[in-house]
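K.L.:
Below, the features straight out of TrEMBL:
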type: DOMAIN; residues: 83-146; note: domain 'Anoctamin dimerisation'
type: DOMAIN; residues: 149-718; note: domain 'Anoctamin transmembrane'
type: TRANSMEM; residues: 157-186; note: transmembrane segment
type: TRANSMEM; residues: 236-255; note: transmembrane segment
type: TRANSMEM; residues: 301-327; note: transmembrane segment
type: TRANSMEM; residues: 347-374; note: transmembrane segment
type: TRANSMEM; residues: 394-413; note: transmembrane segment
type: TRANSMEM; residues: 523-552; note: transmembrane segment
type: TRANSMEM; residues: 573-597; note: transmembrane segment
type: TRANSMEM; residues: 680-705; note: transmembrane segment
Amino acid sequence: QNEEKWDFVLVSDIHETGSEKEIKRNKFLYELSKKGFTIKKIEDTKLFYGVRAPQHIFWKYQRLLTNPDSRQQNSSAQQDVPVTTRIRVVHFILQNTVTSDLEKLHDLMKKKVFEAAFPLHKKEEITEILKKKWARWRVLFKEQPIEEIRSYFGEKVALYFAWLGWYTYLLVFAALAGVATVAAGATVFSSSQVSKEICDANNTIMCPLCDQNCSFWVLSDTCTYAKVTHMIDNEATVVFAMFMAIWATVFLELWKRERATVATSWDLYGWDEEEEELALQLINNPQHEPRWYQHSYFRSTIILILAVLMIMVLIGIAHALVIYRAVAMALFTQSEVNLLSRHADTIAVLTGAVLHYLTIVIMTKVNWQVALFLCSLEKPRTFSQGENNFTVKIFIFQFFTNFSSLIYIAFFLGRINGHPGHYVRIAGHWRLEECHPSGCITDLFIQMAVIMVLKQTISNIMEYLIPWISHQLRKKKKRPKKRSLMLGEEEEAEDPCKKQWLKNYELNEVNVFSLFNEYLEIVIQYSFTTIFVAAFPLAPLLALINNVIEIHMDAIKMMRLRRRMVPRKAKDIGIWLQVLEAIGTLAVIGNGLVIAITSDFIPVQVYKYMYSPCTRQNHTNMDCSTGYINNSLSVFHIRDFEPHTKVLPEFNGVQIKECRYRDYRNADDYTYTIQFWHIFAARLAFLILFEHVALCVKLIAAWYIPDVPQKVKNTILKEKYVHLCKEL
């Protein structure tokens, strides 16, 4: 027997006869049947209503949206509408059917009249293909069946997976370059003069790191750190940062080509979202008046002010983290526990990074609500316009949440904390933390590593486990009902639909934002992979590992753990492309700043060419960075300490008169030396040069790679030509 095909299932609790909820429910179902819908009711622990739309709705849809030239041929034979289109049309009509009380399905769900509405995962050939070739762990490195994804989940989901697959494929090159950079740092540069000098400096006595009971320390204590720092902070990093700026551009350009090819093969070039929405409105209600475009400067101003306030709050949170680290550092250094006081700086940075991760998790939920509220103020005209507005807002908020503390570490840490004898203090009490003695880039490296690893492991595990557990719980909750029936007299033959509907109802619900969340996660990850990549060259490798798992995890979630998504049509990845382009530009600026300001690349170069022994006499066999460390440390006289500083003036039994600290200041009055200004000028010059070169290369790459392949252009040209010839 031919299995009945149902487009949608509505689920409702069993309400008492004559109750308000039941009346509302019947009113809604009556409106649907007036439109010619077939409705089938099945009763279990809940009421299930299967809904099937009449054929004439789809004929109307086809007539309104097919190209004029294909109309004459197909007017007699109506071809079948694809399932994805069927579901989309039915979903639109369900959402926009108004009862006599002027309520839509959305309002009825809020009032608990209906509990859920969803299209069905059916046992078909295509679901089997997708489960076998895509939604399982065994096919990790196989190509994705994009065509099948499209014909089951619609264009929007298929484009997401095509984009994610493409991004992952190109990450291979970025990851290789990152690993090569670190490998170069570990081999070629391991014998670097700078780290050798730090390791040999066992009588360079450094100023204490805190005010109370801290002793002096010897520079050679930080030997291992210096070596690690040099693995990331060397000449190869500059080349790598340039490479990543170009990589980001090439990735987007190649994606545009890929997208153009896909859009033509799916026949999306002539498709227009606005037209589709109008057509659906008219099919649903022939008297429908379109919503006109509106723009109010007053509303925009309000939204702008609120968004800026929100960003201020996010930056304030970053400040709170800074204060936490300064206070934690002071408390750890004075603690009785030896382990804490010895590694106070590293522990403060690590706990700071974990706290930062927690604020990211909490603020994500807050940002979400704020962005939704701001979008509701804007009153967008169509769903897609609303989605675009929401995307921009949530991305900006998430960007500040994720990056404000990194920006502080990269560009402000250790640059605004004064010098011995005159420290900048929080509330006049706690010293601002300083950079790690082996250079500020170490702090940035630790912070990036902790956040990326935590984000990818914990967030991914949660993302998979929560749906899986809730699916298992829903299954457990629904089962027992059947057995009690079996005990009684023989039941009538069970409806074949019932089992299928129940099985679909047990899956986790999906909402409009299910796909949006996946995009947001990957785009934030893309920012980590490009913006500060100079400080953490392994970021692309982590991203690559994460994405290979992510693709299949999303696939398994969509096929096995969640109800079927309502398929949506789309030509491209929408506003996300602009967001990615913005990140590409930020990446050039960010990496330029990291190399110019955070890393020691510029001070070493300035020293080599202006202050090193090489400039005074011609030493061919000598490393020009000899003496750099001694040159980069200033002298401080113990007698100038602030009165409340308690320092033990003895160190290893020697009375100490002066100590060293990282800065370029004169020994007598602690003003900046001329070398400080030389380095400052060199940093600015490098920054301007790096950014202009990188942006030029980006522009050249964008011009060099055409957005649309010739083949696609020629296909479109041919179609136009054939059509015009026929008309002629």
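Glycine residues also receive a Cβ, built from the backbone N, Cα and C atoms like all the rest.
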K.L.:
Using a threshold of three or more Cβ pairs below 8 Å, and leaving out pairs closer than 6 in sequence, do the transmembrane segment (394-413) and the transmembrane segment (236-255) count as in contact?
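P.N.:
Contact between the transmembrane segment (394-413) and the transmembrane segment (236-255): absent, because fewer than 3 Cβ pairs are under 8 Å.
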K.L.:
In the same chain, which residue numbers or ranges, 6 or more beyond the ends of the transmembrane segment (573-597), come under 8 angstroms Cβ to Cβ?
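P.N.:
159-160, 163, 237-238, 241, 244-245, 248-249, 252, 255-256, 259, 384, 387-388, 391-392, 395, 410-411, 441, 444, 519, 523, 526-527, 530-535, 683-684, 686-687, 690-691, 694-695, 698.
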K.L.:
Helix, strand, coil: count each for the residues of the domain 'Anoctamin dimerisation' (83-146), based on DSSP.
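P.N.:
Counts, helix then strand then coil: 33 helix, 3 strand, 28 coil.
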